[in-house]
Structures are given as structure tokens and as C-alpha cells.
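**Q** One structure follows; several queries about it will come next.
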Amino acid sequence: MSPAAGVPEMPALDASGVRLGIVASTWHSRICDALLAGARKVAADSGVDNPTVVRVLGAIEIPVVAQELARNHDAVVALGVVIRGQTPHFEYVCDAVTQGITRVSLDASTPVANGVLTTDNEQQALDRAGLPESAEDKGSQAAGAALSAALTLRELRARS
């Protein structure tokens, strides 16, 4: 899988000692399981041995579980997929999840990386899921972003 246009190369991270929480939905299980596998691989490659993994039914449940994980973790990864349908439900769910994840991150001063795919169709989600035939791996990218932000915050807080 070659990097998509505009996606930065993730540097190798030494995140040993970082407490990582991952919340992943179960709707569209093939996609969410692949996102989770990508996040776990980045965590392991970065020295995070046992991230806390919590599965929830749908994307709308992600923010409240991310909030709980943020209480005792240094970083959180939120993974899921919302695929556009024929009703405005897509917009409501996407907005609520995105705003919820952002609020949790700011309120807890803990990075919560948004790896929730919001796509027009299932193929777009599959293309981003980190499967062998996928163009991108948003689970890996989200985990890398969360760990990188946690290390940056650790460094900034050590200066205070």
C-alpha cells in the first residue's frame, strides 16, 4: 500500500510508556476490524504493548467511551465508519461524532484521534480501511497521530 497523495510519512515513534485507549465500532465489521488491526500494529511498532480496546455498537457511542478512556489514558484512537444513506441521518451522526470527539479531546487535554470514516459509499470506506487492496490505512494513521500528539504533549508539559 503506497501512501496516498498528501499523506505524510509517519516517523518511527518510541511511545513506550504511553497509555493508549482505542474505541472501535462494530457496524461494518470488516472495515472496522481492519481499522483496528492497523491501529494495533502502529501501537505495537511504537512500543505500546497492551492498548485498552473497547468495542461499541455504532459510531454515535464512540465519544462517550472515548471520554471515559481519556480519563486514564495518554491518548485515544476513535475508529468507525458512517456511510451515507438516503436520509439526513448521515449528517447528524457525522456531526455529532466529530464534535463529540473534538470536545472530549479539548475537555480532557488528551489527544483523541479521529479515525471514523465518513464516506459516500462502502467502496470508499474499503479503500481507506487498511485492507490488502486498500489505498490507505486510516486506522494506522489515526493511531500514529494520537501517539505523536501524546508525545508532543508530554514534551510540552515537561517544560512547564
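Glycine is no exception: its Cβ is also placed from the backbone N, Cα and C atoms.
According to Swiss-Prot, the record shows the following:
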type: BINDING; residues: Trp27, Ala59, Ile60, Glu61, Val81, Val82, Ile83, Asn114; note: 5-amino-6-(D-ribitylamino)uracil binding site
type: BINDING; residues: Gln86, Thr87, Arg128; note: (2S)-2-hydroxy-3-oxobutyl phosphate binding site
type: ACT_SITE; residues: His89; note: active site, proton donor
**Q** I need the most crowded of these binding-site residues: Gln86, Thr87, Asn114. Count other C-beta atoms within 10 angstroms of each C-beta and give me the top one.
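**A** Output for this query is Asn114.
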**Q** Quick check: in three-state DSSP terms, what is Ile83 (5-amino-6-(D-ribitylamino)uracil binding site)?
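**A** In three-state terms, Ile83 (5-amino-6-(D-ribitylamino)uracil binding site) counts as strand.
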**Q** Tally every other Cβ atom lying within 10 Å of the Cβ atom of Ile60 (5-amino-6-(D-ribitylamino)uracil binding site).
**A** 17
**Q** Out of these binding-site residues, Ala59, Val81, Ile83, which one has the fewest other C-beta atoms within 10 Å of its own C-beta?
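**A** Per-residue Cβ counts within 10 Å for the binding-site residues Ala59, Val81, Ile83 bottom out at Ile83.
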**Q** Using only the residues recorded as binding (2S)-2-hydroxy-3-oxobutyl phosphate (Gln86, Thr87, Arg128), report the maximum Cα-Cα distance in Å, whole number please.
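**A** Of all Cα pairs among the recorded (2S)-2-hydroxy-3-oxobutyl phosphate binders, the widest measures 23 Å.
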**Q** For the 5-amino-6-(D-ribitylamino)uracil binding residues given in the record (Trp27, Ala59, Ile60, Glu61, Val81, Val82, Ile83, Asn114), what is the largest pairwise C-alpha separation in angstrom?
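**A** Site span for 5-amino-6-(D-ribitylamino)uracil, by Cα atoms: 16 Å.
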**Q** Report the member of His89, Arg128 (the recorded positions) whose C-beta atom has the most other C-beta atoms within 10 angstroms.
**A** Arg128
**Q** Just to confirm: which same-chain residues, 6+ apart in sequence, have a Cβ under 8 Å from the Cβ of Val82 (5-amino-6-(D-ribitylamino)uracil binding site)?
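**A** The list for Val82 (5-amino-6-(D-ribitylamino)uracil binding site) reads Ala59, Phe90, Val93, Cys94, Val97, Val116, Leu117, Thr118, Thr119, given in order along the sequence.
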